[in-house]
Amino acid sequence: MSQASTTTLESGALLSGPRGLQYGSPAHRKEKAAAMPDSPAEVKTQPRSTPPSMPPPPPTSSQGATRPPSFTPHTHGEDGPATSLPHGRFHGCLKWSMVCLLMNGSSHSPTAIHGAPSTPNGFSNGPATSSTASLSTQHLPPACGARQLSKLKRFLTTLQQFGSDISPEIGERVRTLVLGLVNSTLTIEEFHAKLQEATNFPLRPFVIPFLKANLPLLQRELLHCARLAKQTPAQYLAQHEQLLLDASATSPVDSSELLLEVNENGKRRTPDRTKENGSDRDPLHPDHLSKRSCTLSPAQRCSPSNGLPHPTPPPPPHYRLEDMAMAHHFRDSYRHPDPRELRERHRPLAIPGSRQEEVIDHRLTEREWAEEWKHLNSLLNCIMDMVEKTRRSLTVLRRCQEADREELNHWIRCYSDSEEGKKGPTPISARSLNSCSGPEGSQLDVHRDFTPRTLSGYMPEEIWRKAEEAVNEVKRQAMSELQKAVSDAERKAHELITTERAKMERALAEAKRQASEDALTVINQQEDSSESCWNCGRKASETCSGCNAARYCGSFCQHKDWEKHHHVCGQSLQGPAAAVADPLPGQPDATASPSEAGSAGPSRPCSPGPPGPLDAAVPR
């Protein structure tokens, strides 16, 4: 069947509306048989020809006691067939029943495994949602889960293509809704409501139970692929969107692995972990072995390109109708796998369309066991090579350390001999003893050095001790040299400081002397000046009456300066004053100056009289 016909049929099955073909009629069965040549109807022994208006046939003795299914007669002149699911349990494989539900809106499943017959073409008004949702909890074969995933992906692809046929905008909205549903951001009810709002076409009522029953399988597959790719489910879905919305693409990871998680009490088990613990070969689960008979199709079991035969092939009586239907279903999709595909079947990430939709048997074949033993043998050989290389490296390192230790002992002996030579000359007796026992003594030293090492093996403590002693000796010498250099530097610094201090003191003394000389020069200049006071240096207004040369600002400065001035005062007038005193010996001179009185009494040169009044000599 081509992709276009699949899309047309499925898009027509999704929407409820008037149908031109009568469901359950011979023409309808003829058209359906022509559309699906691989239907299990080819291998059934009792084809159904009951018209929809007849009640269901009574249960036979082989089917056991079952609940009588409710049946509502229906005519097709109204709005198409009734939109509810029949009572009863479906076929364990669930392939053709759900395909017919999606395609034609009728139940065309084979006889149920557990004995409950399904209604041929009628639809009951019972709780179809609960009965359909309970299908996901039944222990179905892994291949059935793979087919359910394939149908769900085809259903979502048909939805997206139907929206794209309406308009590109609606197709984009439908694609966003599908991605949100798979990504768990939308619930099934929200998806249903928004899809109906986007397309203005209502879906059939069995779509919601179908999604509730099969959407968790697709979400588990998405989560498993995302974990293998080390991504979040949203990231993985964004990168591999074509795997979901492309009808020709296959799943990148085998979906039977995900279904095994559901069938085995929800335990997550990857292929590697299953191979390690070997739990799938546990003989305590016979029902599990009976389920494993459905993991591979008969064509794949008998394929000559699979290498060695399966260790425990199921006997021929265990083939059932499900296996035959599966062989018909996978007749085109399965081809003989090539050895390269067998080697690469455990790779989680593959190019879309490069792998077939197959179910992997986790039990190891003899070839895989041989490869495992080969890998283990190569691993052990690598470990042995590493151990041998390590042992050789340790031997070489030990020899090098022994050579270094011998050289270190030689240098230590040379150093000790040089130290003894520095301390003083060796006594004659000791020197003769050393000369007599030269080679023998050296041999004894070597024997003494190596005897405990040969007894105790490798002793690094002595080497470290001698090396530390040599290093400490070098440190001591370096410290002594450093102390000498520091002391010399300190001595030179002190000498330099002393020299600079002496220079500074001499400079200060010279500056003080120069300052005193400058002060004396200023004083002398002030004394020579006739405009300033000889005592204080201020502007002079009076003149000494004795010498008529000294200038003072007042009588206070004159009396203050008299102790120094009386030595020079009147010397220039001493001769004329004596000549004046001779012709007038008896005349009292009321205005005689102190210099004249001093000259009159030469016997008292050191006790001059008080200075005369200034106003007598200074004109007013």
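Using the three backbone atoms N, Cα and C, a Cβ is placed for every residue, glycine included.
Check Swiss-Prot against the ranges 185-240, 465-520 and you find coiled coil recorded for 465-520. Ranges compared are 334-354, 523-543, and Swiss-Prot records region 'Disordered' for 334-354. The DSSP breakdown of the region 'Nervy homology region 2 (NHR2)' (371-389) into helical (H, G, I), extended (E, B) and coil residues amounts to 19 helix, 0 strand, 0 coil. Annotation for Cys536 (Zn(2+) 1 binding site): spatial neighbours Cys553, Cys557, criterion Cβ-Cβ under 8 Å with sequence separation of six or more. A coil conformation is recorded for Cys536 (Zn(2+) 1 binding site) in the three-state DSSP classification, outside any helix or strand.
DSSP assigns Cys557 (Zn(2+) 1 binding site) to a helical segment in the three-state reduction. Other residues of the chain with a Cβ within 8 Å of the Cβ centroid of Cys533, Cys536, Cys553, Cys557, the Zn(2+) 1 site, are Ser532, Trp534, Asn535, Gly537, Arg538, Ala540, Tyr552, Gly554, Phe556, Asp561. Restricting the average to the region 'Nervy homology region 2 (NHR2)' (371-389) gives a pLDDT of 92.
Long-range neighbours of Cys533 (Zn(2+) 1 binding site) (same chain, six or more residues apart, CB within less than 8 Å of its CB): Lys539, Ala540, Arg551, Tyr552, Cys553, Cys557.
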